[in-house]
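K.L.:
Sending over a structure as structure tokens; questions will come in a sec.
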Amino acid sequence: MSKKTKQELENNKLSKRLRHAVGDTINDFNMIEPGDKIMVCLSGGKDSYALLDILRRLQASAPIDFELVAVNLDQKQPGFPEEVLPTYLESIGVPYKIVEEDTYSTVKRVLDEGKTTCSLCSRLRRGILYRTAKELGCTKIALGHHRDDILATMFLNMFYGGKLKAMPPKLVSDNGEHIVIRPLAYVKEKDLIKYAELKQFPIIPCNLCGSQPNLQRQVIGDMLRDWDKRFPGRIESMFSALQNVVPSHLADTELFDFAGLERGQNLKHGGDLAFDSEKMPERFSDGSEEDESEIKIEPQKAERKVINILANKPKTCGA
């Protein structure tokens, strides 16, 4: 096999792996429903480019119809290349809106020089994006956070916030008006890096604002990358833990009624038997040799029909 052919096979496997990971996430959390208009938040980074690209490919083959509109927030950062995103989006034929809001000046005015601006900037950006989604009539807001982001947030909250809390793949905004989805929740960052190189997305640097990097998040990110190199499977196991929570074996009295425990009571996850070692779920083994057949999912609720986004569009007569 030639080097070129081998690389083509690897690229094809990567594309299929990402498509299945995003499709599984959408299916598991019922992220996309018939008739949805999804606002894809596009920053110009590798993650949001990949998100839009994969959603477009799923849109073309999915058994349901939904719309995509890309939205970028131009925060008037010095040196921001205003022409890059419109040129790219027009070249691929995706409807888009560029929202111009000078949050850069606001943040610089409020915070001291050299301080990390990410937190305040994020809050301002969120409010503007929510408003834009309402103006456009969008039913869902899609963000480009991936599996590594979710785990990093969990450790940040544990180490610095004293909370066992991560970043949900799907949430309702505090005012109840918006559904936010993260279709890349099952996707590895290293796969997104490879995909961005493969697709040659016109990446816009994320440090144009001149803000100091979030040191805490940087330390957590380095820790996760180090673990991934030294202990294969650890990242997958940790993410699996977020999907297999056992409240009766934690210490939150609001999640579980410890005070009401009585003899003879049978717990869903067992009492002392829950300490026995468990096997890691097979779906979190290395995905490089992933089965290309469509992944079946069990309905979460009997009354709700789950649509498999990975299924093909139904054929029409004469097709």
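Just so you know, glycine gets a Cβ as well, placed from its N, Cα and C.
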K.L.:
Please find, within the list 43-48, 289-294, the residue stretch that Swiss-Prot describes as motif 'PP-loop motif'.
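P.N.:
That would be 43-48, per the motif 'PP-loop motif' entry in Swiss-Prot.
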K.L.:
Which whole number is the mean pLDDT over the motif 'PP-loop motif' (43-48)?
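P.N.:
Value for the motif 'PP-loop motif' (43-48), mean pLDDT as a whole number: 96.
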K.L.:
Helix, strand, coil residue numbers for the motif 'PP-loop motif' (43-48) per DSSP?
P.N.:
3 helix, 0 strand, 3 coil
